[in-house]
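J.: OK, TrEMBL features for this one:
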DOMAIN    C:44-443  domain 'Oligosaccharyl transferase STT3 N-terminal'
DOMAIN    C:556-612  domain 'STT3/PglB/AglB core'
REGION    C:740-763  region 'Disordered'
TRANSMEM  C:42-62  transmembrane segment
TRANSMEM  C:113-129  transmembrane segment
TRANSMEM  C:141-162  transmembrane segment
TRANSMEM  C:168-185  transmembrane segment
TRANSMEM  C:228-256  transmembrane segment
TRANSMEM  C:268-289  transmembrane segment
TRANSMEM  C:295-313  transmembrane segment
TRANSMEM  C:325-351  transmembrane segment
TRANSMEM  C:386-406  transmembrane segment
TRANSMEM  C:413-431  transmembrane segment
TRANSMEM  C:485-508  transmembrane segment
Amino acid sequence: MKFLIALVWTFCYASAVSYGNWENVYFTRTLDLKKGYVKETDVVQIKNLDDKPQDTYYFPLSDGIGEITKLSAFIATFLDQVVILGSELVEIEELEGKALTYKLTLPAPVAPGSTVDIKARYVYTSGLSPLPAKIEMKDVQHILLTLNKYAYSPYQTNQYQLVFTGITKGQEMDVIDGSDSEQEPDNLPKDFKPRIEDKSLVYGPIFESLPPFTVKSMGLLYEHNRPLAKAYNLERSIWIPASNSDKVSIEEYYELTNAGAELSNGFSRVDWMQGRYESTRNHWALSQLEVKLPDNIESEGIYYTDKVGQVDTSKEYQGYLVLQPRYPLFGGWNYNFTIGWYNPLSVYLHKLTEQEDTYMVKFPVLSTIQDISYDNVKVNFYLPEDSEFVGVSSAIDYESIEVGNELSYFDVSGGHVKVTLTFKNLIDDLSKVDLFVQYKYTAASYWLKVFKISGFVFTGLISYYLLRLIDISIEKK
Amino acid sequence: MVKKDAKISPAVASSIKKATGTSTSSSTGTLASATPNSISQPITDLVNAVNTTYKSYINSLTPRLQLIDVFLAFLVLLGILQFVYVILIGNFPFNAFLGGFISCVGQFVLTVSLRLQYENSTSDKTETSIDEIEAEEEKSEDAPKSNSLFESISPERAFGDYIFASLILHFIVYHFIN
Amino acid sequence: MVSEKKKQSVSTSSAPLKQKEVAEVVPTGPKILGVKLDTIRLLLQVIIFISIAGASISSRLFSVIRFESIIHEFDPWFNFRATKYLVTHSYYDFLNWFDDRTWYPLGRVTGGTLYPGLMVTSGVIWHTLREWLALPIDIRNICVLLAPAFSGLTAIFTYFFTKEIKDSNAGLLAAIFMGIAPGYISRSVAGSYDNEAIAITLLMATFYFWIKAMKLGSVFYGTLTALFYFYMVSAWGGYVFITNLIPLHIFVLILMGRYSHKLYTAYTTWYALGTLASMQIPFVGFLPIRSNDHMAALGVFGLLQLVAVGDYVKSQIPSKQFKSFLVISLVLTITLGIIGLVGLTTLGWIAPWTGRFYSLWDTNYAKIHIPIIASVSEHQPTAWPAFFFDTNMLIWLFPAGVYLCFQDLQNEHVFVIIYAVLCSYFAGVMVRLMLTLTPIICASGAIALSKLFDVYLDISELINANPEEETTDKKKSTGNRKANIFFILLSKLIVLLTFAFYLFYFVFHCTWVTSNAYSSPSVVLASKNPDGSQHIIDDFREAYYWLRMNTPEDAKVMAWWDYGYQIGGMADRTTLVDNNTWNNTHIATVGKAMCSSEEVSYEILKKHDVDYVLVIFGGLLGYSGDDINKFLWMVRISEGIWPDEVHERDFFSERGEYKVDSEASQTMKDSLMYKMSYYRFNELYNGRDASDRVRGQTIPASQAPELNVVEEAFTSQNWIVRLYKVKDLDNVGRNLHSATQFSKTEQSKRKRIAKKPVIDLRE
């Protein structure tokens with residue numbers, strides 16, 4: 001037994017070399033469960049154990065059991081000052097399938113023996129599931145969060161604390177995970193028990209040192225009587241006009257679902273009507289969507305349709321577009337719909353002064369429904385026909401970018417230039433992030449288009465006239 | 001097509017009568033011959049009628065009308081041939097037979113229409129056509145009646161219409177047989 | 001705005017008439033204000049045409065303005081779905097389309113059993129706009145707006161048609177009548193994407209070209225007639241009407257002794273080309289030479305050949321000889337014809353008369369023999385008020401117009417008369433055929449009215465007569481004369497003003513009818529809020545969309561056939577029966593499943609792999625077109641197939657009434673339809689007796705139905721659509737309920753193994 005532990009230890013040590021020589025003085029995890037996804041904030045004080053200054057710190061997400069598959073955003077800063085640390089997602093073989101790992105690069109190397117406080121914030125949309133999966137309409141929905149009870153760090157942790165916020169009622173569950181057998185629970189602290197503190201559930205802190213890569217699966221079952229809104233796909237299209245008309249058309253197509261609990265029986269309208277769930281709005285069925293419209297500018301021509309036509313249950317309310325789906329969405333139910341509106345273009349468009357005929361548009365990546373997560377997001381920019389796409393910049397990483405053409409109304413040559421950015425695993429909070437697209441559009445190509453269209457019309461008329469002439473000549477013969 | 005028929009014309013000259021008469025007149029003809037010297041007045045009348053008609057028909061022929069009539073006779077023959085084929089062998093590709101048969105019938109009626117229009121317009125004295133001699137047409141009896149007919153349709157127009165209709169007919173037949 | 005436009009157009013349509021008459025009065029000046037008269041006339045005509053087209057299109061857009069750009073009713077949903085198939089697949093795929101998503105498990109050879117004209121038309125428009133004009137318009141919008149666009153064309157063809165009958169004045173009147181007559185609007189509002197939408201246009205076009213061909217004896221116009229006839233055949237089953245009307249016209253003309261070579265030319269050209277062309281449509285196939293419906297045309301074709309020969313012979317020989325010739329040949333042909341006809345019918349070459357055809361002649365035929373035809377409301381005989389409702393003042397101008405045709409009995413007038421007589425009869429038999437009557441009502445109404453205007457707007461005699469009279473005998477008769485003129489003027493004014501008022505009222509009526517009666521999509525219902533604003537009741541789409549989003553793609557939905565097309569179009573799910581109604585037995589099966597007890601139904605449901613059952617229930621809202629009201633038809637249709645198992649009498653109460661309340665018969669209460677409609681309906685009234693607002697009866701709480709073989713899956717907001725899921729085949733009866741419940745919990749446990757809670761914590 002001892003031998004085995006020694007072996008593991010040497011193995012860890014051997015690999016730890018590549019991670020650098022650090023120690024976590026304390027490690028605090030705070031999980032915010034208020035919304036339909038998990039917002040985690042980890043505060044770590046790290047100490048350089050090496051004899052040389054180091055600037056590279058490895059930060060695997062606190063996982064270890066492969067639960068965080070859909071990471072939405074990751075940002076690491078110093079605790080006390082807003083300095084964004086360079087972070088890069090790296091692939092480490094031994095952690096594959098267990099945790100995503102970031103390599104953090106500190107702005108300046110840390111001297112041996114000194115400490116620095118790091119704050120990592122990240123959001124993930126996986127790991128939550130309703131339990132029981134099927135409930136009755138009048139029941140309260142419970143969500144099970146599966147997580148690693150401890151920090152999953154390649155370094156030794158001396159002090160550890162785990163905090164859950166944003167929940168009203170919760171209970172811990174043991175989760176037996178078949179794959180997890182090498183970590184024996186005997187070397188883990190025994191009395192790691194929760195207590196209530198300031199409306200949050202707090203574990204620890206414990207002052208025992210935890211070995212690297214400590215894993216202990218744990219389930220947290222908590223009451224969450226709100227829907228887990230999720231969009232499989234969102235396609236956001238922004239049509240930038242060619243002429244100087246000051247209207248940009250924005251259209252969003254959602255494929256929406258509720259990832260929460262399913263109904264154990266069929267949907268009964270009687271129960272739904274008698275429960276008044278729709279008016280009290282305190283139910284886990286998704287019966288109302290609030291879309292944030294762009295701030296401070298007027299959005300006009302709002303429409304809300306789905307594949308069978310217009311939906312009449314929408315209204316604008318204090319900067320929000322409040323939509324009612326055709327039916328309340330219970331767990332596993334889907335609803336596809338499209339919304340769209342027009343905004344004044346001048347708010348978004350800027351002509352660059354240093355370059356000729358070059359324009360820059362700035363749009364938020366989402367104009368989002370509140371409390372929702374997105375699996376796939378496509379943002380399409382339809383630039384005017386014959387314009388030249390210069391570049392795009394985005395504060396969050398996009399998966400891919402694609403430039404193509406799409407024929408639309410009155411396109412006489414290649415069609416509108418379509419720039420598609422693909423994102424994965426976004427959440428509603430990211431709607432503040434802006435995308436910048438730069439393109440070149442000369443006045444010449446605008447006039448060329450005008451002339452082409454009028455030319456076509458003219459040719460049509462002329463040929464009609466000529467044909468008439470020919471016809472008459474046949475008659476006379 | 002028309003040129004080809006012109007070559008056949010001597011061979012089928014005898015069947016010209018049939019071309020105008022269609023099957024009824026020919027069948028009545030056989031009926032008349034089957035009961036020779038019958039007392040009944042109608043039948044002799046009938047024979048007389050057929051004879052007179054035939055004679056006046058021969059008289060009114062112009063080369064162009066003759067050409068049309070030969071073509072008509074050819075179409076009738078073709079139609080009968082197809083019909084006999086169907087009765088004897090069977091109508092397996094039914095739409096092929098139908099296409100063939102109807103194209104014959106269609107072409108036949110179109111040609112008859114053309115002929116009627118020609119006949120009437122050429123017999124019309126007020127209209128001066130250039131390309132054909134029509135001296136013998138003057139004695140035809142039905143000239144005064146048909147003066148008003150087809151006044152808006154010149155022979156050229158009629159031929160143009162005919163071509164147009166035939167083209168469409170054969171396009172459909174082609175599509176039908178496929 | 002729309003109505004204003006129409007008023008304008010009517011006033012312009014009557015104004016130019018005056019203008020023209022005035023113009024004719026001035027004999028010396030072919031110019032008015034330095035512009036040529038013809039130019040003014042042409043200009044006016046163009047303006048009138050544009051305003052007529054504008055009026056006819058805009059009055060059909062009420063539904064889009066009130067509601068939205070949506071496909072209406074039932075059949076249009078199928079046409080729309082087929083069109084979508086056409087534009088996403090190739091044309092040959094479309095013709096060979098075998099649809100396995102309808103008539104489960106039989107499927108339907110859709111490509112061979114539809115009239116493709118409508119879909120091809122909108123497909124061609126779609127492609128042209130998209131590829132040639134760079135206008136990628138959504139196919140739905142094209143489909144919605146197709147009918148209004150064609151209604152503009154109909155007005156123009158009606159103009160030409162009437163112009164051939166009378167003159168262009170009558171033509172213009174006919175065009176505006178046609179443009180806004182409710183009888184036609186009822187089938188051509190925006191969204192009413194049905195075959196009739198383009199068929200009426202083609203009907204008028206065919207007739208116009210036929211009149212033209214017949215008048216001129218032109219092969220060219222005959223060919224055009226045939227081409228439009230072909231288009232018509234490809235678009236609507238009502239082409240049979242043309243197939244019989246034109247031969248009848250010829251036949252009557254021959255009987256009247258009006259044979260001329262023109263008739264021969266026009267008819268034979270049309271028949272030969274038209275028949276051949278019509279056989280290109282897969283659905284029509286060889287019908288034109290086999291079905292009795294088409295025999296008249298063939299007979300007249302043959303007859304015309306004989307008459308042509310006879311005419312020729314007659315012109316060559318003395319009439320005495322001709323008489324005997326005629327007698328013999330007549331006897332011969334008639335005997336031959338009868339023998340041939342009888343022979344072919346007995347050999348089975350000729351298809352039997354179709355049921356729909358019989359129901360044209362005998363109104364009771366359908367009720368007795370084919371309940372499925374009788375169950376369609378548009379196959380019912382027309383009620384008298386409907387004529388006034390649909391055509392207003394034209395209905396009494398119509399006989400006047402026909403009478404005027406009798407007075408001036410040209411060949412084309414014979415046509416109008418035959419058309420009028422035939423269609424009046426048919427329209428009386430079937431509501432739906434009101435549609436074919438409307439054009440001729442408009443045309444003859446316009447003829448009558450324009451005749452009237454011809455007389456009463458003619459003030460030339462007044463102006464011309466005046467100076468002469470004054471010079472000859474001044475003193476004597478000036479007073480007399482003036483009084484005379486005054487009376488003439490007065491009488492004219494009175495008549496004209498009366499008719500101006502009628503015209504105005506006509507427009508008013510048309511607008512009112514269109515906006516109130518014919519603009520509802522029936523997919524979406526509208527009601528008024530207490531404050532007068534419009535409240536949309538969108539239950540159908542709610543439920544259909546739920547089906548589309550939340551059921552497996554291959555789920556089979558059983559519903560009464562009325563909703564088949566809509567389920568296919570909106571919910572995109574497989575249906576058992578739909579509005580095509582080609583298989584009576586299958587429909588009867590569905591009817592039986594609806595009207596039988598749960599145990600019997602369950603077997604049928606399972607046998608047909610039904611996953612969901614959809615019923616329409618209007619009891620909560622007072623929507624009268626619901627399934628309980630249609631229930632007796634389901635019973636009758638299934639009784640036709642299973643007379644031993646289903647009896648209509650069992651569904652009536654003891655006193656012979658159709659009841660759903662406490663007096664309802666046991667069979668009624670046991671039927672699946674009844675149970676599904678009223679399932680948990682009482683609970684909405686907190687256990688008290690529920691009131692059914694459609695039938696005005698109360699459902700006692702004590703007889704609240706229980707369901708065992710199906711479970712409620714979804715009910716729409718106003719309860720109009722109720723969906724039930726068929727339970728799995730485990731056990732029967734109540735065991736089934738608990739069994740499914742158990743297995744479900746089992747499954748959810750297996751998914752995630754969570755141990756019992758270590759710590760229980762409550763805040």
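Placed from the backbone N, Cα and C atoms, the Cβ positions cover glycine too.
Those TrEMBL annotations? Automatic predictions, nothing curated.
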J.: Among C:42-62, C:268-289, C:295-313, C:386-406, C:485-508, which stretch has the highest count of C-beta pairs below 8 Å with the transmembrane segment (C:413-431)?
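T.: Top-ranked stretch among C:42-62, C:268-289, C:295-313, C:386-406, C:485-508: C:386-406.
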J.: Compare C:42-62, C:141-162, C:295-313, C:386-406, C:485-508 by their Cβ pairs under 8 Å to the transmembrane segment (C:228-256) and return the stretch that comes out on top.
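T.: The stretch with the most contacts is C:295-313.
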J.: Give the mean pLDDT for the domain 'STT3/PglB/AglB core' (C:556-612) on the 0 to 100 scale.
T.: 88
J.: Which residue counts does DSSP give the domain 'STT3/PglB/AglB core' (C:556-612) for helix, strand and coil?
T.: 33 helix, 6 strand, 18 coil
J.: What else in the chain is close to the transmembrane segment (C:141-162), if you only count residues 6 or more beyond its ends and a Cβ gap under 8 Å?
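T.: Cβ under 8 Å, 6 or more out: 49, 52-53, 56-57, 60-61, 64, 69-71, 76, 79-80, 83, 118, 121-122, 125-126, 129, 168, 170-179, 184-185, 187-194, 197-198, 200-201, 204-205, 207-208, 211, 439, 442-443, 446-447.
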J.: Go through the chain and flag residues at least 6 beyond the ends of the transmembrane segment (C:113-129) whose CB is under 8 A from any CB in it; none is fine as an answer.
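T.: Same-chain contacts beyond the flanks: 79, 82-83, 86-87, 91, 94-95, 135-137, 139, 142-143, 146, 193-195, 197-199, 202, 231-237, 281, 283, 580, 582.
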